[in-house]
Every structure is written in structure tokens, then in C-alpha cells.
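Notes follow once the structure below has been shown.
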Amino acid sequence: MIAYAANLATIVAIFAILAATLNFIVGYAGIFSVAHAVFFGLGAYAGAQVALLLIPDPLLACLAGAVVAGGLSLCLALPALRVRGEYFVAASMGLQMMAVTLFSEAKPLTGGIGGLVNIPRPTLFGVEVSVLPLALVALALILLATALLQRGAFGRTLQALRDAESAAEALGKNVAAAKTLAMAFACAGAGIGGALFALHLSFVNVESFTMDQSVLVMAMVIIGGTGTLWGPLVGAIILLSLPSGLAFIPFIPPTEVGAVQQIVYGLAMTLLMIFRPAGLVGDLSKGRATA
Amino acid sequence: MTTEVLRTENLSRSFGGVQAVAGVSLTLHAGAVTALVGPNGAGKTTTFNLITGNLRADSGTAAIRGKPIMGLKPWQVARLGVARSFQDLRLFTHMTVRENVLAATETASWFWQPGGSTARRAREARADAALEATGLSALARARAIDLAYAERKFLSMARILAAEADIWLLDEPASGLDLASRTRFGQLLKDAQARGVAICLIEHNLDVVVELSNRIAFLDQGKVLAEGDPDAILKDPALAAIYFGDRPQEAA
């Protein structure tokens, strides 16, 4: 039972990293990407390769994941500089679909459909460590960085772009640079989450980095509350605890848990959009000054 | 003669078959207010968009203090000292009033602004001074979206004040203001003018134009039909006919 809870907590922490970093571009900069799982995947493959080919050092794996995902965030930044709104959603969807194909085909790097297996357990200074404390520390650092950036000038720049891009530009803000930086930060964070995910499972394949995963992370952000610090964390806890919770309800047959879960998700999203459109945490922080 | 700060020559821009701006030449001087007047569709806002880099000109040139600005992006033009307002204001609606104005003082796009805490305090002081000058200090913590219309207009002006630009391009800044607000707005412009700011104003309220401007450029169908002293321009019956929609029929 403890192992089960620790596994769930680790997965929640990793997905909270994903949700928090996606929220950074969705909630603050208004860039609605449905390709966050791509950068999660890039980080996972990079971290896994470091562990497989070099040493299973989680810090090095996280660094590799952040650098690869943050660097390749330009693939997302380029369309974001040219199109906005629903056009960008479509562009990011295209990137997501292309990436899944590439992940499936680039066997030397990703292991193809079968993925990368037997990723060694993470060790720090020769001692095997659990991923849970690492994921919690990474999550705390990302939330801290997000809070600092969001309350400062960079956060105001992103919110200005979200609310009125042309006015922000007319005040001397370099929109391209700010968007590129925001995406590099968010995608590097997703890459760290990916590296930790690979080390935690000792196995990664393309199934974890599909559009479904991107939509799930987006749902965490929306349900928790876009543009809030704690909303994505709340969203990740709820959406990942729900399936586990349903499994413990005795009158739901194990074979039907998946279907019930989908019904509950759909119902929860609909009710939320009607009664708390700003998300579970959203209303609480509405109107608070952040200067 | 005051210093010339901005000059455009033969700026032109068409959209499909519509010639929105056709060879507009303008000069703005430090400490002077120039009003762009003309009927709807005359090309006034398009001229602003060409100067600020929001639109690319098909032909023509523009320069700020002799430095060519054609081809520059809007943020690059802004950093040369040009601030503009928009007809639809384009406030940062979900930010507070003070955040809106602070954002106008923060032009670096990196994760942090240069200059450390000393520069930060200076920026905050500029923002607070702009709020004071526009009468918005008491609303500093309110969200922009919750402001009344006149307050939104003044917030738009506060951002321009805080940006410390020396060329202001104002697109219908006094429209919808009551008399008292218009008086406050006029004083803001006069103060800026006294500091040497070059102001170009698009305005349909001719009382405001007469009160505030030193010079008028009358635009119609993308061309400057006349330029000069406000009294002379506004008393020209042919221009008045165009402005009020009583356009003379062109010869067949």
C-alpha cells in the first residue's frame, strides 16, 4: 500500500510539474499549446539515454531533459510568433502529431514503438535514490520560479501579451523574445518532468507522449485554474487521484472503471465550466494585485 | 522654430484595390501638437500604423530625429521614443491599474529588468507619478477591466506618460469623455507639450482640436489635402464640406 501511494505521489508530482509549466504559457502568456507532451517526451528520452549510455545520475538526466526540451521549444515558438488563438492550437496539434510519428520511427534515439527499456534506477553519489523526493524538489523549484517570474516584470510582460499583444509591443516589449523565453522555460520544465518520469518507470515509450497526454495536462490546468500558482497542482492531484479512487469503490466492476472515469471526467468538466469557469483555484485569486 | 523629431515623406499603403494612404508627408516638432483631421476612412489611423511599424508601407519613408524607421518592428520604434494610444484602448484588462502602468516602464524582454533594485524603484516612482498625474492613484489596485470608460482612457494616457516617450501618437484620446474629463485630458497634453513632447492627435471633436493643436493636417482618401493653422483649415468651406460628408461630385 505504501509503495502504491509513493508511486501515485511520484506520478502526481511529475504531472504537476507538467501542468505548472504548461500553465506558465497558457495562463500567463495566453499561448494555448496542445503539444506539451512532446517536450515531456523529449525530456524523457534525453534523460533515459543519459541513464542508459552514461550514468543514471538524476541531476544529469534532468539537465539533459531540460536542455533538449528547452532547446527544441523553438519548434513551438516559431509558429507561436506567427499565429495566435485557434490557429496556434491547430499548429501545436500538428507539432504533436509529427512528434509522435518521429518518436515512433527514430528507433536509435527512442527505441521506436517498443521504447527504451531497462533504464537503470537513479543513483546520487553511488546511492540509489527514489524519484519521489527529486520530483517534489523539482516541483517546488518550478513553482517558486513561476511565482517569482509571475510577480515580476517578466510576468507582467507575459500577461500584457496575453491581454493586448499590440499594445505591449507599442510599449517597447519584444514580443518574439518574451514568447520564446516563456516557451523555453515551460518546455525545459516539461523536459525535467520527462527525465524524472523515465527514471521512475525505468521504461518509456511513445504511448506516454501522445495527444491524449497533452489534453490531460491541459485539463489539469483548466480544472485547477489557469493563471494561478496552485491551480495546476490541484488539477494534477484531482485528475490522477480520481482513477485510483474509483478503483476502490466496491460496486464499480474493475472492468468498468475506465468507462466510469470518462463519465466522471466529462461531468466534472461540464459542471466546472458552468459554475467555476476560472477553475477550482481561479476564483480565489481573482482580482488580487500581484505588483 | 522648434526641433523636428519625426518626418514622413510620401508614405503610401494600399489594401487590395483600396489606397488607404497615398503619399502622406508629415512633420512633428518637439513641443507642438499636430492634429490629423478628416472623415472616417481618410487614412489617419493607417498613417499611425505605418509610422509605428504595425503596418509596412508600400512606399515612402519615415525617420525619427533623422534615423530611418521604415522596416522596424513596433517595439523597436517604441524604444526610439514613440508611444501611441489606440481607439479601442487595448488595456491589459486582467492586470491592475498599477501593473498596467508598471508594464509600460519595463521594456526589457529578459527574465529580469536591468539596473537592479535602484532601477526598479525608479520605475515604480515613474508609474506612481503617472497614476498621480492622471488621477488614478486611488484606483491603483483595481483591475483595468473594472474601470469606468473615462478611467480607462486615463489609464491609457498613464501608460504613455510612464513610458517617457517624447513622441505621442494619440488615436481619438478624448472621444467619449465628459467636459470635466476633457479638461483634465487637455491639461495633460499641455503639460506634456510644455516638456517638449511632440504630439500627433487624431480627433473628431473639433473643439478639442482647436483648443489643443498648433497645426492641423487634413486628410481625405489617404491624402493630405491641407496643412496649417487650425483656424484657417477649419474655416475652409471646401474642407468642411468633405468633413461633414457633403463631398463635391467628381467630374465625369
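Even glycines carry a Cβ here, placed using N, Cα and C.
Residues or ranges marked as transmembrane segment in TrEMBL: A:7-31 (among others).
Annotation comment: TrEMBL describes A:37-55 (among others) as transmembrane segment.
Taken from TrEMBL, the feature transmembrane segment covers A:62-81 (among others). Taking Cβ pairs closer than 8 Å, the transmembrane segment (A:62-81) reaches residues 31, 33, 35, 38-40, 42-47, 49-50, 88, 91-92, 95, 134, 138, 175-176, 179-180, 183-196 in its own chain, all 6 or more past its ends.
Under 8 Å from some Cβ of the transmembrane segment (A:125-149) lie the Cβ atoms of residues 6, 9-10, 13-14, 16-17, 20-21, 23-24, 58, 62, 155, 185, 189, 192-193, 196, 199-200, 229, 233, all in the same chain and six or more residues away from its ends. Taken from TrEMBL, the feature transmembrane segment covers A:125-149 (among others).
Using a Cβ-Cβ cut-off under 8 Å and counting only residues 6 or more beyond its ends in the same chain, the transmembrane segment (A:181-203) has close neighbours at 10-11, 14-15, 17-18, 20-22, 24-25, 28-29, 31, 33, 36, 39-48, 50-51, 56, 58, 61-62, 64-74, 76-77, 80, 115-122, 131, 134-135, 138, 142, 145, 149, 154, 158. According to TrEMBL, the transmembrane segment annotation covers A:181-203 (among others).
Taking Cβ pairs closer than 8 Å, the transmembrane segment (A:215-242) reaches residues 8, 11-12, 15-16, 18-20, 22-23, 26-28, 32, 34, 36-37, 40, 139, 143, 146-147, 150, 261, 264-265, 268-269, 272, 278-285 in its own chain, all 6 or more past its ends. According to TrEMBL, the transmembrane segment annotation covers A:215-242 (among others).
Feature annotation from TrEMBL assigns transmembrane segment to A:262-281 (among others).
Sequence-distant contacts of the transmembrane segment (A:262-281) (same chain, six or more residues past either end, CB-CB distance under 8 Å): 219, 221-226, 228, 230-231, 234-235, 238-239, 242, 246.
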